[in-house]
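Following: one structure in structure tokens, then a few remarks.
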């Protein structure tokens, strides 16, 4: 342990590293790129019609009925039950039960009677069933391969327990709702119980886990040599195929959100990605209190938290489709999967901070900023290309949005340059890079305000007034930030003992940051349109920067939690481009439609051999033709007759 203090931002912050970190966080970023890169490939293949719906179902059947059972069988046979810390299993199960009960009770209290029980069951399953194998396995393997390789086996124990204990309760509620809606049908209690038990028994995860446990004792903890190659061939095919299929299942799941649906999704995702990890960590602290002084207890506690962050499994959307609740659950599954990547990355770093040495901590903070900037830069180049090729930048409000993207691009480029410039003794290069970095960063906040403040129609202003008004806004957003940074360079002294760009010029820089972020948060209004979703996400960045500055100004020793906040600030500041790409980067008319047409032209011959989609389109065309010929006139007459009847009744009254 080299030091009890970390010198950051001009203050000595207390930091007592405990021991060597249990997680290999350096492997997490490549693992996330691998997982979500394959998911993106699957999404692109489904969205571009490279893989049809029938082919996607076939791939899903292979993954769920062949590859996953083989993987479960192999790992359950080789599972070392003597090494399992059973308190971890119980803590996760109790945490899931608590979240399940909370979501279920809250839904029963606020949902409409028409779908109260089915929503309670499905929403509770949504909040507790994680994507343990397709997404959880590669991430856990990357983090704990060198220190705790046995942690992967907990995934094979937790998943079936959840499926056999909690999911049947949710299915019973769904069947109860179906019985209440159709009381004439033969839905007795015995029928509901038998339906739930049959659904659980048909689940391949539950079945193969039971077979694997029995085989473990029969074969002495090793897969027989006669079956080894066969089982390995199927099991090893699971990882990439499952992630690719996950991307396919995300196609077409995002729907137009109403206000009530938006509130529902926010609560569900909060329960899954925030409440679940906290409950898992707290339950382990309570149940494993006998081993609280051991290093293994701390690593298990961190592992329990990360396990709770795993997103919802896509199978929940299949359950929802059978009970007419697919819109909320499917959309929530997509959003939780996308949000889990930055949350996992940030959580792993925050959990590793108490174990890091002081010198290593500062370098890792710079490394996180550098990695996020590279990924965000690639996303922004694509988004800006879409904006300019579609010529949207010539129209309002896209004019302001394009300037926001350019400012975010400069932030990423400057952060990448800063990593190399700060190590050199070139004062001019450092000053120029610093000016570009923080001038553009301040500019992103001001451009976000401009996008958010556009609430009045332009028709109320004369053309000349509009030119002057928007020209003034452009001058303020582009020039004022760089003037502020230039003034900072003139009046303040450079801190030569730090490589952190955030406080390279001391307390004056903190004051300017405080002013910028407070203005940013005060001026922003609330909107419901799609483009302002981006502003809502960026407000989080402004808020956490403001809190960071106030924390630093008001405390002589901010403490270790302040160090953890700096990692969050780095991800929020330099990852703005990922938010912009997710909202604006996939233009329907410029990107998706031409992409689908080009693929249809390239694979036209192959499509002729597949009569399924063509037959479906022909049936739709015939139905429309029959309606126009035989039913349209009668419908028009009926509508007119009803409207006349309503008018006569109103006059009589």
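Positions of Cβ are set from backbone N, Cα and C atoms, glycine also.
What TrEMBL lists as transmembrane segment is 88-110 (among others).
Summarising the annotation, TrEMBL assigns transmembrane segment to 122-140 (among others).
Among the features that TrEMBL reports, transmembrane segment is placed at 152-174 (among others).
Positions annotated as transmembrane segment by TrEMBL: 205-227 (among others).
The transmembrane segment feature in TrEMBL is assigned to 233-251 (among others).
Annotation comment: TrEMBL describes 263-284 (among others) as transmembrane segment.
Residues annotated as transmembrane segment in TrEMBL: 304-321 (among others).
For the transmembrane segment (333-356), same-chain residues at least 6 beyond its ends with a Cβ under 8 Å from one of its own Cβ atoms are 17-23, 25, 28-29, 32, 36, 39, 126, 131, 135, 139, 143, 246, 249-250, 253-254, 265, 268-269, 272-273, 277, 302, 305-306, 309-314, 316-317, 364, 368, 560, 563-564, 567-568, 571, 575, 578, 582. Taken from TrEMBL, the feature transmembrane segment applies to 333-356 (among others).
The annotation transmembrane segment is assigned in TrEMBL to 368-389 (among others).
Long-range contacts of the transmembrane segment (401-421) within the same chain: residues 366, 369-370, 373-374, 376-377, 380-381, 383-384, 387-388, 392-393, 429-430, 433-434, 436-437, 440-441, 443-444, 447-448, 450-451, 474, 477-478, 501, 531, 534, 573-574, 576-577, 580, 584, each at least 6 residues beyond the stretch ends and with a Cβ under 8 Å from a Cβ of the stretch. The transmembrane segment annotation in TrEMBL covers 401-421 (among others).
Here TrEMBL flags 433-455 (among others) as transmembrane segment.
Annotation comment: TrEMBL describes 467-491 (among others) as transmembrane segment.
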When counting Cβ pairs under 8 Å to the transmembrane segment (152-174), the leader among 88-110, 122-140, 233-251, 304-321, 368-389: 122-140
Distant-in-sequence neighbours of the transmembrane segment (122-140), which means Cβ under 8 A and at least six residues beyond its ends: 28, 31-32, 34-35, 68, 71, 96, 99-101, 103-104, 107, 151-152, 155, 158-159, 162-163, 166-167, 169-170, 173-174, 238-239, 242-243, 245-246, 264, 268, 271-272, 275-276, 303, 306-308, 310-316, 319-320, 323, 325, 328-329, 332-333, 337, 340, 344
Whether the transmembrane segment (233-251) meets the transmembrane segment (88-110): three or more C-beta pairs under 8 angstroms: no
